[in-house]
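Asks: I have a structure I would like to understand better, so I am pasting it below and will then ask my questions one at a time.
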Amino acid sequence: MLTINIEKQLGQLQLKVNTQLPLRGVTAVFGRSGAGKTSLVNLLGGLTTPDKGEISLGDTLLFKHKTVNLPPEKRRIGYVFQEARLFPHYSVKGNLTYGMRHQSPALFDRIVQLLGLEKHLRSYPSTLSGGEKQRVAIGRALLTSPQMLLMDEPLASLDLPRKRELLPYLQTLAQELKLPIIYVSHSLDEILQLADHMLVLHQGHIIAQGPLTDVWNSEQMRPWVPLQELSSLICARIADRHPDYPMTRLVMDDGNQLWVSGQLPQTHKQVKVRIQANHVSVCTAEPKRSSIRNVLKGKIKELYPSDNDEQVQLKIALGNDELWANITLWACDELQLVAGKEIYAQIKGVTMTQMDIAQSH
C-alpha cells in the first residue's frame with residue numbers, strides 16, 4: 001500500500017491527508033482548482049516537504065518527520081507534469097534514455113512500442129505535436145524503472161484532438177503495465193476512461209475515497225458536479241451485438257440489460273458505462289411498445305430536492321449498482337415517488353456513446 005499521513009501548510013490551505021492507496025491500477029485524484037491535488041503529488045514525489053507525518057511506498061519509508069526524507073531521485077517514482085518539459089537539444093531517443101537506471105534494450109523497445117514512438121526516435125521536440133511531446137515525457141518517466149508513476153493533469157495543456165490522440169496510449173499503459181499510477185485530473189471524462197480508484201480532495205482534505213464506481217455514484221460527488229452533468233457509473237459485461245442494427249447488448253450483474261450505440265468489440269469483456277442523470281426517465285409501471293430501448297427495474301433509495309426546488313435527484317438501486325435520475329418536482333409529486341418504491345428507469349440507447357463506455361482493468 002501507499003501509506004500517507006501528512007500535514008502541510010500552503011498559504012491559506014492546510015493540506016491534511018491520512019489514507020492508504022492500493023499499489024495497483026490507476027487512482028484518480030479529483031477536486032476543484034486549489035483543492036490541493038498538485039500539492040499532494042509534489043509531496044509524494046519529494047518536490048516539497050511535509051511539515052509533519054510520514055509517507056511509505058510499500059516497505060520503503062520515503063518520509064518521516066525529522067528522521068527520513070529521501071530526495072526525488074532516490075524515491076523510484078516517475079513524474080509526468082502538465083507540460084512535457086523535454087530537453088530541446090536532445091532527440092526523442094535522447095530524451096527517453098535520459099535518467100534510465102539500467103540499459104535495457106527490451107524495456108526501451110517495449111515502452112517505445114506501447115507509446116507509438118518508433119518513427120519519432122530521431123526527431124527533436126520542436127517538430128512534435130503536444131500529444132507526441134507528452135508521450136515522450138511519459139516514456140522518459142517509465143524508463144527510469146519507477147515503482148510508482150505520478151501524473152499531474154498530463155492532458156490539461158492539450159486541445160481536444162490531442163487529448164483524444166493521447167488517451168488511448170494512457171489506457172494501454174494502465175492495462176499493460178503492472179505499475180501503480182496516481183493520476184491528478186479535474187476531467188471526469190479522463191477519470192472514466194483510466195481510473196480504477198478515486199480520491200476526492202476539498203480544501204486540502206479527503207471527502208471521498210474508494211473504488212471508482214462507489215465514489216462516482218456517491219452523495220459526496222453531487223456538490224462537485226453541475227446538476228446538468230450528474231451521472232452514474234454502471235458495471236456490465238459485453239454480451240453480443242444486435243444482428244440487424246449497430247447496437248451492442250450489455251448485461252448487468254442483476255440481470256438487467258443495456259443496449260448502447262455502436263458495435264463494441266471483445267464479447268464478455270467487463271466495462272463501465274456512464275449514464276447521464278438527465279437521460280433517465282421514470283415510470284411506476286412497466287412501459288409497453290416504447291421507442292426507448294432500455295427499461296431497468298429498480299427501487300428508489302433516496303430523494304434529493306435541488307436547491308431551487310424545481311428538480312429532484314433520485315438514487316435508484318439496480319442490484320449492486322446505483323443509478324441517478326433528474327426529474328421535475330411536479331413529476332415526483334404526481335407519481336408519488338418515495339424511498340423504497342419500485343419503479344422502471346428508462347434510458348435511450350442513443351444517449352450512451354463510445355465516450356461513455358470504458359473497459360474495466
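The backbone N, Cα and C atoms fix where each Cβ goes, and this holds for glycine too.
What Swiss-Prot lists as domain 'ABC transporter' is 1-228. Feature annotation from Swiss-Prot assigns ATP binding site to Gly31, Arg32, Ser33, Gly34, Ala35, Gly36, Lys37, Thr38. Residues annotated as domain 'Mop' in Swiss-Prot: 289-356.
Burial and contacts for the listed features, if you can.
Replies: For Ser33 (ATP binding site), the number of other Cβ atoms no farther than 10 Å from its own Cβ, over all displayed protein chains, is 7.
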Asks: I need the least crowded one of these binding-site residues (Gly31, Gly34, Gly36), counting other C-beta atoms within 10 angstroms of each C-beta.
Replies: Gly34
Asks: Taking helix as H, G and I and strand as E and B in DSSP, count the residues of the domain 'Mop' (289-356) in helix, strand and coil.
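Replies: Going through the domain 'Mop' (289-356) residue by residue, I get 12 helix, 34 strand, 22 coil.
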Asks: Which ones in the same chain are close to Thr38 (ATP binding site), with CB under 8 Å and 6+ residues apart in sequence?
Replies: Asp152, Glu153, Val184
Asks: Applying a 10 Å Cβ distance cut-off over all chains shown, what neighbour count does Ala35 (ATP binding site) have?
Replies: 22
